[in-house]
Amino acid sequence: MLKVGIVGCGAVASLITKALLSERIPKARVLAFYDVNYEKAKKLSEETGAESCVSIDELVSKDLDLILECASVSAVEETVLKSILSGKDVIIMSVGAFANKKLFLNLYKLAEEKNQKIYVPSGAVAGIDAIKAGSLGQISDVTLTTTKPVMGLKDAILDLGLKPEEITEPKVVFEGNVFEAISKFPQNINVSVVLSLASKYPAKVKIIADPNLIVNRHEILVKGSIGTIKTCVENNPCKDNPKTSALAAFSVMRLIKDLSEPIRIGT
């Protein structure tokens with residue numbers, strides 16, 4: 001049985017927890033929760049019978065095999081650092097943190113030294129296995145075009161000085177590189193960092209707000225020595241968190257299931 005602890009107890013964590021309590025993932029269980037808002041951890045604890053912790057230190061001190069981060073970019077460094085030093089592998093959902101090259105390299109080196117694993121799920125996009133394979137050749141271009149409902153980008157749109165209600169037709173709200181994208185849209189464009197890590201090539205990113213769209217659309221174009229990879233996924237948003245695609249949560253569930261089973265399909 002794979003014993004899991006979760007950092008961050010919002011809508012996505014709740015969805016993943018329900019899956020881990022079901023027969024869909026029979027060989028893994030959540031045993032402990034932590035959130036900066038203790039009441040959120042307590043609520044999930046009461047619903048599941050797992051422990052609620054008052055700190056990450058308390059969480060990683062438990063008898064766990066795996067820590068799942070689904071909190072925020074700002075929580076990644078502490079979560080990964082303390083998990084690895086406590087002899088635990090860790091899954092990172094807020095992979096936007098790895099746009100910070102120094103942080104990525106420091107945590108990579110630490111995990112290597114301690115013989116622990118840092119897992120990055122494929123998230124809300126398709127084709128990551130093929131792109132990883134292609135990265136062993138030569139990649140010449142990586143482009144991500146993400147289109148989301150206006151309300152799914154509301155906070156980021158406001159931060160840009162725009163009014164969501166005034167967007168009445170599809171509008172490009174960002175065009176630039178992966179580093180700029182995750183800086184301006186830290187809760188909406190983690191997929192750009194997953195794509196860049198998989199391809200080992202800094203993705204070019206375009207973000208479109210569409211008032212007529214009800215799904216989160218991610219279109220990928222990768223060119224390289226193996227040929228051209230094109231994918232398009234139209235994801236339903238998480239019911240309680242429209243900033244996140246439901247597929248992002250399901251990709252974590254699948255990763256945990258894979259880690260708990262003797263045979264793994266895909267790279």
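Cβ coordinates are placed from backbone N, Cα and C, and glycine is handled just like the others.
Taken from Swiss-Prot, the feature NAD(+) binding site covers A124, N190. Taken from Swiss-Prot, the feature active site applies to H218, supported by sequence analysis.
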DSSP-derived class (H/G/I helix, E/B strand, else coil) of N190 (NAD(+) binding site):
helix
Counting across all protein chains present, how many other Cβ atoms fall within 10 Å of the Cβ of H218 (active site)?
26
